[in-house]
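One structure is given here, and the rest of the page talks about it.
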Amino acid sequence: MKLGRVRNIVVVAGAGISTGSGIPDFRTPGTGLYANLAKYDIPYPEAIFNIDYFSDNPHPFFSLAKELYPGHHRPNYVHYFIRMLHQKGLLLRMYTQNIDGLEKLCGIPDDKLVEAHGSFATAACHLCYTPYPAEEAKQAIMKGNVPICTFCAGAVKPNVVFFGEDLPEKYFQHAEDFPKADLLMIMGTSLKIEPFASLVNTVKSTVPRLLLNRDPVGPFERRPLRRADYMELGDLSDSVRKLAEILGWHTEIQDLMNSHENGLRSYTDPSNSSGTAASKQEFQPPQNSNKCLWSATKNPNILLLRCV
Ligand code: CNA
């Protein structure tokens, strides 16, 4: 990367990139969701994301959805590192299994992002797929109600991909992207869920694959490693920070993160001086920025301020 030989990075990510934001992953012993599902009263852990089980009883998933709905958590350093890859013109695409929306929230643009397991941004009937307003579905779920399809009376669910459901069309862009990659970065995933997990085997055999994770996963469990494979094991925030320092990007990422987070917080924090939602005029741009631009987001309550 330092020599400018890498121009088309594909990032493959999972729940481990968001544990630093306070969202539990699936499989980490003790803290992962699978170890803490007793409260949802389900027969086996995967049932919570099983479409047939949902059809029978949507309540366990809706209880979990209340915790996972975007809005409670902020992107962390790892998300902003990936955004920096984009800003440096190096990100070909990010393929994420996450449904927490933190990639979008940190400013990775739609055309650079494939949310392979869907998101909470849209909702539809789980039986007839008739679209349903996402915000109304959220309101119902938050109140403990089941949103009902107006066409067939089936339960509506956010368009998060369950076991047994098709992946979004955008996912199939991988057939063009992976052969073009000149570096594959794999972050915070156990590579246990197919077909996503096998994507990492579709880059050319000479292309370096870098695994940043707590433990070896997928092809990195085999010995010897492929010649161009490298893994850095440990906490992802530490490994990513180390990489950012090697690249000389650390301060830039911190500045980006601070200005972006302060901008969002300042506009959305209802506990600010006015006592209500902040207004545009009250926001003071960061001192070192020349130009700030407001833009709309999908959430009508949030405007995005970009300062350069
Ligand atoms: P997983 O199976 O729980 O694996 C996570 C991996 O990340 C494990 O190998 C962990 O060791 C590793 N890990 C966790 N935290 C760290 C850390 N701080 N530093 C280094 N490594 C870490 O999750 P996957 O993403 O592989 O499984 C795919 C599922 C998880 C997808 O279908 C998601 O929808 C689902 N999921 C998403 C979220 C989210 O959106 N944030 C949360 C929980 C589950």
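Note that Cβ sites are derived from N, Cα and C of the backbone, with glycine treated the same way.
Going by TrEMBL, these are the annotated features:
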ACT_SITE  His117  active site, proton acceptor
BINDING   Cys125, Cys128, Cys149, Cys152  Zn(2+) binding site
DOMAIN    1-250  domain 'Deacetylase sirtuin-type'
REGION    263-291  region 'Disordered'
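Distribution of TrEMBL features across the structure.
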{"residue": "His117", "record": "active site, proton acceptor", "DSSP (3 states)": "coil"}
{"residue": "Cys125", "record": "Zn(2+) binding site", "DSSP (3 states)": "strand"}
{"residue": "Cys149", "record": "Zn(2+) binding site", "DSSP (3 states)": "coil"}
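Taking Cys125, Cys149, Cys152 as the candidate binding-site residues, the subset whose CB lies under 6 angstroms from any atom of ligand 1 is empty. If you take the Cα of Cys149 (Zn(2+) binding site) and the Cα of the residue listed as 'active site, proton acceptor', they are about 22 angstrom apart, rounded to a whole number. Other Cβ atoms within 10 Å of the Cβ of Cys152 (Zn(2+) binding site) number 11 in total over all chains. Nearest to His117 (active site, proton acceptor) in space, judged by Cα atoms and limited to the binding-site residues Cys125, Cys128, Cys152, is Cys125. Neighbouring residues of the recorded Zn(2+) site, listed in sequence order and excluding Cys125, Cys128, Cys149, Cys152, comprise Ala124, His126, Leu127, Tyr129, Thr130, Thr150, Phe151, Ala153, Gly154, Val156 (Cβ within 8 Å of the Cβ centroid). Long-range C-beta contacts of Cys125 (Zn(2+) binding site), restricted to its own chain and to partners at least six residues apart, with a cutoff below 8 Å, comprise Tyr132, Cys149, Phe151, Cys152, Gly154, Ala155, Val156.
Figure note: comparing Cβ neighbours within 10 Å for the binding-site residues Cys128, Cys149, the maximum is reached by Cys149. Counted within 10 Å of its Cβ, the other Cβ atoms near His117 (active site, proton acceptor) come to 21, all protein chains included.
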